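As written in TrEMBL, here are the features:
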type: SIGNAL; residues: 1-24; note: signal peptide
type: DOMAIN; residues: 67-234; note: domain 'Bicarbonate transporter-like transmembrane'
type: TRANSMEM; residues: 92-115; note: transmembrane segment
type: TRANSMEM; residues: 127-145; note: transmembrane segment
type: TRANSMEM; residues: 157-181; note: transmembrane segment
type: TRANSMEM; residues: 212-230; note: transmembrane segment
type: TRANSMEM; residues: 242-259; note: transmembrane segment
type: DOMAIN; residues: 242-555; note: domain 'Bicarbonate transporter-like transmembrane'
type: TRANSMEM; residues: 279-298; note: transmembrane segment
type: TRANSMEM; residues: 332-351; note: transmembrane segment
type: TRANSMEM; residues: 377-397; note: transmembrane segment
type: TRANSMEM; residues: 430-448; note: transmembrane segment
type: TRANSMEM; residues: 454-474; note: transmembrane segment
type: TRANSMEM; residues: 495-517; note: transmembrane segment
type: TRANSMEM; residues: 523-541; note: transmembrane segment
Amino acid sequence: GQGMAMRFALRMLALVLLYDSCWSLPILSQLTHPLLVLRPPRNDKAGSGAGSLRASHVSHPPLVRSFGEGLRQDLHTKSKLYWSDIKDGLKLQTLSTVAFLFFACLAPALAFGGLMSGMTGGNIGTVEYLMSTGVCGMIYAAFSGQPLTIIGSTGPVLAFTAVLYQFSLSIGLPFLPLYAWTGLWSSLFLLLGSFFSFSNVVARLTRFTDEIFSLLISFIFIFEAVKESWKLFAIARTPSAFNVASSSLILATSAFLTATSLSKLRASKFFSKSVRDTVANFAPTIGVAVAWFIGTQFKTNFGISLSGLDVPAALSTTSGRPWLIDIMELPLWARFASAIPALMATILLFMDQNITVRLVNSDKHKLKKGHGYDLDLLIIALLTGGSSVIGFPWLVAATVRSLAHVRANTVYESGTANVQGVLEQRVTGFLIHLLIALSILFLRPTLATVPKCVMTGLFMYLGASSLAGVDMWERMKLLISEKSEGNKYQWKDKLIPSSVLSSFTLIQMACLASMFLVKESAIGVFFPVLIAGLGPIRSLLNRTPYFSPYMESLDE
């Protein structure tokens, strides 16, 4: 059964690749040309500090700074731009961004909440996820250093929490007090990281790490979407069950194809520029609406009723426990011993947070207001501590949702798909999470009518759309493209042998595959350790005479 599911997922992934490639045939036709030059949007102004993605010719900041120095600098810089962060969000594009990201953030919260409820015996569930996403998301959008970042729960954090729950059962300790103390210790460690600017470590990373991490998260979204569709067919034993599975696949595909097709309207010549831009901005929302409408027609005309979103019926904790955890219920020795699992939790939160914010701050997005890694980490530390004593899930920067937020706020040059800049503001992030918080109070019956499979299509769109512009993804497509004469390609202004280009890409793919397998295994909590190992692997490649002459172009 798992083997069939894997084959099914790989075939669907191939279809996504083919669909993406068909939309970019001009690019593929250039890939086969011996004088190919692929230049993603770049900022010629050298970045500074941890925000730069340039691999060379950049003076890196020290790994540790004096107490509070970096944090004071972030606060000074961001305080001067605060009114601008609000004013720049008062645009029509804000509405399309909020409408799209509302569902894009709501769906993972519902999905992770359902999974967490089963993994923790109902101690942390859907209600806690929705409340945490809404409240913590608003706080982060209002006070963080990079408000374009969207925070949410991630797979590694989910896996760690499940392991912590099983560990508490095995040694006979109450889970929630242990969870609270682990989170409080993690909050302390993250606070120290913020005060001493430990986030500067990301300045030592390169595109080699960024691309693998970005594709990992994208493929996880695609894989999970395909797996959800496959599961319905796997359990279909009757004609009615098969009809439900087929209808769900139709709705998921409709949402995905509609959103993908309309989002590419911006680069076409149809209609006027204002119409193209408006439709492209609202493409994911239109995709959800179209699939939702098709689902209502299936129910009305054919009697096919599809499962809706798992929205809580009442506003209370999942298990009916008090909102505030009694942290003194844990024995004294365990309160101090919980610092040990807190170290691993800190690595998870630190790596997820900083790598995602680093991707958001990429030069290709042409951001102008700078970054604030230490301020970001301070907010995450405080939110982690507060969430721990209430029994909320720990939230950090979510890669796919954050990059989708950046794309939704992107401003393009007139009549082209070239990036002009990004609306760097706090309004959309705040409104997205405000709506999620309000939906818990007022929209529970309405949200329950949205078929789950529509969110599956949105998951697929989030994963597939995040592939665009990633150099590693373009080089992966190059592996199955027609070879050029002379077996050389012009890549980043340098003529590189195709064997070197292919070998470098295959090594990245091997790292990606190992990370994906570990993340899906029983030792998924060690996923960040593999991320940390990417830097030494890249350094090793740079020392080999086979790669070193071309490393600056391959890993700019």
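For all residues, glycine too, the Cβ spot is worked out from N, Cα and C.
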Checklist outcome for this item: Counting only residues at least 6 beyond its ends, the same-chain positions whose CB falls under 8 A of a CB in the transmembrane segment (127-145) are 74, 78, 105-106, 109-110, 112-113, 116, 151-153, 312, 315-318, 371-376, 379-380, 383, 387, 391-393, 395, 426, 429-430, 432-434, 436-440
Item to check | Intrachain neighbours beyond the transmembrane segment (377-397), with Cβ under 8 angstroms and 6 or more residues off its ends | outcome: 71, 112, 116, 123-124, 128-129, 131-133, 136-137, 139-140, 143-145, 149-154, 157-158, 161, 176, 179-184, 186-188, 190-191, 193-194, 198-199, 317, 321, 323-325, 327, 345, 348-350, 352-354, 356-357, 360
Checklist entry - Are the transmembrane segment (279-298) and the transmembrane segment (212-230) close, by which I mean at least 3 Cβ pairs under 8 Å that are 6+ residues apart in sequence? => result no
Next on the checklist: Counting Cβ pairs closer than 8 Å, which of 92-115, 212-230, 242-259 has the most of them with the transmembrane segment (495-517)?
Outcome noted: 212-230
